[in-house]
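The signal peptide annotation in TrEMBL covers 1-21. Positions annotated as transmembrane segment by TrEMBL: 27-48, 69-87, 93-114, 126-151, 157-176, 196-217, 237-263. As annotated by TrEMBL, domain 'MARVEL' applies to 126-264.
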Amino acid sequence: MAQIILSLVTFLLAAFRGGSSHTYWIYAMFTWAFCPIMTLIITIIELFKLDIILNMFCMDWSDFTTGMAMSSTLMTVSVAITYANFYACLKCLYGWIVSIFAFLCGFVYTLEVVKDKILDKKKGSYLAALPGFWKVLEAFVSCMIFISLTGYRDKPALILCVIAYIIPFPILPLIIATNILKKLKKCLPFNLDRFVFIFLVISVVLYIFAAIMWPIFMFRHNPRPSDCPPSFCIWAIQFMVAFFTYVNLILFTLDLIFTLLGICDFKRT
């Protein structure tokens, strides 16, 4: 209940502050709406014991709830950091108030993960285990790339980089959902693990391409301006795209290696 209340209070405080066309603000508002809605849905399902039916017929409910808590922690903590970076300053009291509530929101979600994974020692079958959460991390970093994209429209090489970011992204939630819904996985006319392996190979190739092309065509003849503040600067946001590109390249590469070797609960193809 604390998670729902704090998320909604943070959402209302940020909305009252005023709208913004900035993609980081839109992402923050989405997070503070999505996380409490998912928490409320989970609470209602468990209140009416519907999780017993779901557990019997289509999914590992404990794995799903722990995995959602981990994902919500990732989202709320990252939003708290980015919001404080862009909207909190020495003279921005209201920005600090929203930031404090944002960090509290991330804190209560973190407590739930600590309770589930350390105190209750819940072991997930997919989403709350390393293979599933690794896919969540890849999708999360992809989202951070998308909300940071700017200054690419008039450069064909950078447009190709954007296409490289787009291609793997919609497949990730499909892989996650199919692995959660066990009955659906059994009905597939192909081997999902083999499909995931091919997907990882393609994703690594695409991200290698983007990791080479984005820095070259974005920062060639485009040094960091001397008046570029750390909190808000177009060049710094463009740099974040390059940074997250390398982060996701590492994540996809490790995912591929773990899958090839069949270690850390990754299924060997």
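Here, residue 1 is simply the first one shown, and the rest follow in order.
Heads up, the Cβ atoms here are built off N, Cα and C, so glycines get one too.
Taking DSSP states H, G and I as helix and E and B as strand, the domain 'MARVEL' (126-264) has 102 helix, 0 strand, 37 coil. Summed and averaged per residue, pLDDT over the domain 'MARVEL' (126-264) gives 89. Sequence-distant contacts of the transmembrane segment (69-87) (same chain, six or more residues past either end, CB-CB distance under 8 Å): 3, 7, 14, 17, 22, 24-25, 27-28, 31-32, 34-35, 38-39, 95-96, 98-99, 102-103, 105-106, 109-110, 112-113, 116, 127-128, 133, 136-137, 140, 144, 231-232. Residues 2-3, 6-7, 9-10, 13-14, 17, 28, 32, 35, 66, 69-70, 72-73, 76-77, 79-80, 83-84, 87 of the same chain lie 6 or more positions beyond the ends of the transmembrane segment (93-114) yet place their CB under 8 Å from a CB of it. Packing against the signal peptide (1-21) from elsewhere in the chain are residues 28-29, 32-33, 35-36, 39-40, 43, 72, 76, 83, 87, 94-95, 97-98, 101-102, 104-105, 108-109, 112: each is 6 or more residues past its ends and has a CB under 8 Å from a CB in it.
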